[in-house]
């Protein structure tokens, strides 16, 4: 088979797959999928330094001895020359099944690189890490080499990693040499005895029979045909398998009961329908299914638990009462002016009007809170129980791709990321349906080797978790549990196993911590060797001439002695953070379809895993290409690169993204989220958001890091409308919702009461039928049927990616096991094995993560994560809700995920600053909720409007925090007198606020302390970070000044002496100035007010009490901030004293200048000292 202008000939020898490249005629990486051709594999040569270099045009010319009389045209003609070798008895193609298996073995051991103006290379990794890789799925796993002289290929291995040797003498031979030996007489090259089995498939063993019928004509199905075959209807599959159905085998394997089709068993619906019986016809049988399966009562996967009316009704009533009281109070304030201090009255009224609007925007979306519950037993019964459509009981759950993002190993410790990866690999979800993608946006070798170490340690950790039901499955968190680890453990070998795994984990931590030094020493050694070689070559070339010092860029070297294609420790051209090639490494290749049980400890393994499935999910390292001149779009761009590469490699219909410091705390969390997606009506759910829970927070939660009011009050309330907002991590997405498609059966909402009081549906039958037939729809198209020809303009020109879209849509549908399930799929459709990885697939994945792929497409505009905001998560969720998708809030009994949060005051303020800046950007962009479509409900629109408007409250909040001080300084108050009407309004507003807080605590489950901490930090953040966010947002909108933020540093868990050491570190930032000024001004004002009242001729105690009360209210909210300034030992930083002194002097001078003291010598009236 000849290549399409790839500059080389394709070879059948599997050992040559390690030297392959995917290139076009111009040497540039081709646009993927062009013309529907699969990427071709061509040769590359290996240099003396171990690097693989493709055969460019110059290389080919030099290889052929290009002379001066050879024209460029002749060189180009040679490049496009094709040779097709016909099949002969000595040149027979390898069996497709065996060839695919051989190729997958090499693909999983190869590091793929490529991108802009470069070919896609696959570099065989003989060694990925310094330590030995033992698991057969892992890249660089130990394998034997072929014993034939001159052959560098690896011996075929089985699923356990053991060598497959065709002769009893155990002579090691690869697949190609074995085929040559059979052709040349069939004798073993080692012992010279004839082979007993001369067919390679007899040696390797045939693969399990697929559950789908073979392709017509007996021809092997192509990759796309196999992937599309699952979309056949269940009726067609049942008819095609009628003759091959073995009832006895099914009864034996599923432990069923004899009855269906039995002479004693009555025929189903024989009277009514004339069908039924053993053939399964009629309604009772349900398309050939036994009635004992279809007669089961249908059970939902999820339930909506409404808030008790005894709590919700008073809560709604109080909201209405407080709304009315606020309106009356504001009207009274406007009518009754303070003529003595109009400036004070005017500022207070404006602030109170804004606070009333802000409270209304925050409170209205809380009218419809709900709770939800899942039933995992029903999920297992529907998707993993043997049925006629799934006789072997294979998992019928859809595939799930997990995205883990990291960018800087210095601020995000590799050990934290590795523990997150281990918790994902050990999750309780079908191994063959789970894939994990790690996005390293920094392209660091440290992250790469840390992930390889994690994959190696997973060989022991994951089976250990499955064997003993370990929770949590993050080793760092598990071994640091404060509770008894042996509680409820009944296996006699648990103590021995735990001790062994703990020792292995300690060694694993040491290896991770030593990686930076190991990489540095290795790079120094290889760099010294290269310098010596360069100097030697220079001396040989210069002879007696003066030799200048050789300067070679100091590269970063991998464990196998080759250059790292990503970012070097000392950045160089094409090896810097913003300039490096795309990299993909399959750390753990896709597992086999059937369970693979381990061996006993006597057979050489450290632990006894004889009854444990030792397979591991697929793990892929991805670092997208970055080049100068291309906008990388930060985290959103990295996520979109993962969406495209995962669509090509595994195409899971669902995606779950996690930050590198958020690990899986509940091993069944994936199943909990899948319950919502697979339930009736689940095809309209765009994403399932899990709450964020944090570890390492100080017991008092000084800075409201747990954020329970938002996650347990606001998010539960939004779940009763259209669903919660997307908060950036711990979210399960439907892939086609990320692709920008509309949900099925979407409708428009016109009224403001449709959220809590839905109107009767009036939908035309023809419209429903049309939407059921139309699986994929986009808002940009008015045609009834989707115009597939427009897909390349939206998604790019990758045919692999475009062809995967309808497959992902079909696989993401719920089961059609109930008449109420719309747009469902037949049971058993997802029990087919996944395709093996081949070189063209990974080469295509390299192409879709290149820097130029998104040019002239809608990625980041309407497709995938949305660009243009530092809070891309909120914007992405808003776009889905705006298209009509719903979201669900999944609160599990055991926390689904846990992560870390910055407990340092400065880090916390910068985190809030980033969130608030993103909200300001949203308000001034096209994503403003005022411009939302009619597919978004009214209260959902109010919630998103509040997201964009809340930072502006800081302007009025700061003014209002100074009003008590101004009142005390001036001797005036916001009202003329503290009369009964004002005090009554104030009392009612305060009481209703407290009662609402109590009821929120009642239905949300938070504590009063958490509610109060949230109130305190609302004022701290509102007077510091929110104000800075408004200023930065206005600068970006008006002046076009871009805003850059640094990553929040994650704790590596090394502070064993003090877990909360960061809490007491005082790091100065300009964000602290406004709260410090507010505190100092109010303290000085209280002192001035007391002194004036005491020494005045006519003391006005009512105004003093009013001003002092509000000043103390402000200071009470700022108490955590003041405590944070004192550090560990209660020492206030010197800069605070300096600011306080300057502030006191400034205020005193200003006050003397504005209001000079009177000439009355009798200060203080009749009061005299004794």
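Keep in mind that glycine also has a Cβ here, set from the backbone N, Cα and C atoms.
Per Swiss-Prot, these features apply:
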| type | residues | note |
| --- | --- | --- |
| REGION | 1-75 | region 'Disordered' |
| COMPBIAS | 10-24 | compositional bias 'Low complexity' |
| REGION | 269-295 | region 'Disordered' |
| COMPBIAS | 273-288 | compositional bias 'Gly residues' |
| TRANSMEM | 311-331 | transmembrane segment |
| TRANSMEM | 341-361 | transmembrane segment |
| ACT_SITE | 441 | active site |
| COILED | 527-551 | coiled coil |
| ACT_SITE | 873 | active site |
| TRANSMEM | 955-975 | transmembrane segment |
| TRANSMEM | 981-1001 | transmembrane segment |
| TRANSMEM | 1027-1047 | transmembrane segment |
| TRANSMEM | 1070-1090 | transmembrane segment |
| TRANSMEM | 1104-1124 | transmembrane segment |
| TRANSMEM | 1134-1154 | transmembrane segment |
Mind checking which residues of the chain, 6+ beyond the ends of the transmembrane segment (311-331), have their Cβ under 8 Å from one of its Cβ atoms?
349, 352-353, 356, 359-360, 363, 366-367, 369, 985, 988-989, 992-993, 995-996, 999-1000, 1002-1003
Using C-alpha atoms only, work out the spacing between residue 873 (active site) and residue 441 (active site) and round it to an integer in Å.
17
Give the one range among 341-361, 955-975, 981-1001 whose Cβ atoms make the most pairs under 8 Å with those of the transmembrane segment (1070-1090).
955-975
Return the average pLDDT for the coiled coil (527-551) as a whole number.
78
Neighbourhood of residue 441 (active site) by C-beta distance under 8 A, where only residues 6 or more apart in the same chain count:
405, 406, 407, 623, 624, 632, 634, 635, 638
In terms of DSSP three-state secondary structure, what is the assignment for residue 441 (active site)?
coil
DSSP three-state call for residue 873 (active site): helix, strand or coil?
helix
Across all chains shown, how many C-beta atoms besides its own are within 10 angstroms of the C-beta of residue 873 (active site)?
24
